[in-house]
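Undergrad: Take this structure first; my questions come after.
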Amino acid sequence: ATAGQVIKCKAAVAWEAGKPLSLEEVEVAPPRAGEVRIKVVATGVCHTDAYTLSGSDPEGAFPVILGHEGAGLVESVGEGVTKFKAGDTVIPLYVPQCGECKFCKNPKTNLCQKIRVTQGRGLMPDNTSRFTCKGKQLFHFMGTSTFSEYTVVADISLANVDPKAPLDKVCLLGCGISTGYGAALNTAKVEPGSTCAVFGLGAVGLAAIMGCKVAGATRIIGVDINPEKFGKAAEFGATECLNPKDHARPVQEVLVEMTDGGVDYSFECIGNVEIMRSALEACHKGWGESVIIGVAGAGQEIATRPFQLVTGRVWKATAFGGWKSVESVPKLVEDYMNKKLKVDEFVTHTLPFDSINEGFDLMHAGKSIRCVLTF
């Protein structure tokens with residue numbers, strides 16, 4: 001009944017950087033050609049949302065509807081959309097997969113570039129927005145904008161998933177879990193019997209630990225300055241945990257000593273350029289690989305001595321865990337449904353959508369792994 005009409009609904013609007021989100025009634029325009037309008041059922045709160053809200057994101061544009069870790073149901077589709085219909089169960093994707101650009105055709109990357117420019121501007125592929133509030137246009141975020149009861153996404157930024165999947169859980173496969181898990185499996189390609197170190201034990205770090213374990217790593221060292229996170233890390237497969245604050249010398253030196261020369265694989269799940277250096281330098285000479293997952297602030301640069309690389313260490317990074325999104329997310333949902341992949345264990349808090357600012361507070365306080373908001 002709502003197809004083709006503007007929908008008025010609730011959304012959390014970020015009017016400006018550094019201020020709490022404001023619950024507002026917004027207007028969501030119908031989907032145009034190649035677009036899909038979704039009724040969002042659940043959305044996670046991720047550090048990336050807070051990063052943009054803080055003003056550190058070079059692409060951050062305000063006012064905006066944030067959120068990029070959601071799941072919902074298709075409300076209506078725009079002209080020419082064939083892969084989705086009203087009622088489909090879907091997960092929006094901030095890394096699309098058009099299947100046609102040279103990036104999609106190359107097995108070495110998952111970074112589809114079809115709508116990259118407009119997505120970076122906070123707009124739909126035709127360079128306009130579908131959101132208004134109080135007469136003002138609002139920007140989209142990461143091509144998803146899940147902090148709204150209804151959102152509009154490009155049809156290439158959407159995965160069709162099992163309708164039996166609980167959306168208040170699988171929404172997390174839209175970012176954090178898939179990212180950390182894929183970093184271990186796809187980007188590092190962790191080998192059986194290896195030793196790994198994971199820096200930062202939030203949702204992404206725990207997912208990286210889970211990936212290392214699935215890949216057969218025998219020693220997985222969790223590193224965090226908050227020892228309250230060590231119990232959960234052990235549940236996910238960490239064989240030991242290390243608090244850099246317990247040591248006077250740099251953490252990489254401690255790790256190199258603990259592991260007889262360094263780890264085979266390390267993962268930086270924080271977004272701190274100093275820790276990125278520590279993670280690389282904790283790697284074993286000759287073959288150690290470090291994967292950067294965390295997003296650093298605008299203008300920050302990484303540093304190490306070239307000698308670290310000349311002597312056989314590899315520095316790489318990943319976006320969305322290297323998964324080609326449209327084809328991979330439905331499989332990840334299936335793995336979860338078949339109990340091959342943990343998701344429920346990441347959800348520490350489930351709150352009504354109106355409590356979104358409380359969700360951000362829990363995250364900043366280190367009290368939540370993932371907080372899911374339900375509409």
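Note that Cβ sites are derived from N, Cα and C of the backbone, with glycine treated the same way.
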Undergrad: Quick one: which of CYS46, CYS98 does Swiss-Prot put in the Zn(2+) 1 site with HIS68, CYS175?
TA: CYS46
Undergrad: Using a 10 Å radius around each Cβ and counting other Cβ atoms from all shown chains, which of the recorded positions ALA1, CYS104 yields the largest count?
TA: CYS104
Undergrad: If you measure from the CA of ARG116 (site 'Important for FDH activity and activation by fatty acids') out to 10 Å, which recorded positions from the list ALA1, HIS68, CYS101 are inside that radius?
TA: none
Undergrad: Other residues with Cβ within 8 Å of the Cβ centroid of CYS98, CYS101, CYS104, CYS112 at the Zn(2+) 2 site?
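TA: Not counting the recorded site residues, we get PRO96, GLN97, GLY99, GLU100, LYS102, PHE103, LYS105, GLN113, LYS114, ILE156.
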Undergrad: Report the same-chain neighbours of CYS46 (Zn(2+) 1 binding site): residues 6+ apart in sequence with Cβ closer than 8 Å to its Cβ, ordered by sequence.
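TA: In sequence order, the residues whose Cβ lies under 8 Å from that of CYS46 (Zn(2+) 1 binding site) (at least 6 apart) are HIS68, GLU69, CYS175, GLY176, ALA203, ARG370.
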Undergrad: Which residue among the binding-site residues CYS112, CYS175 has the fewest other Cβ atoms within 10 Å of its Cβ, if you could check?
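TA: If we count Cβ atoms within 10 Å for the binding-site residues CYS112, CYS175, the smallest count is at CYS112.
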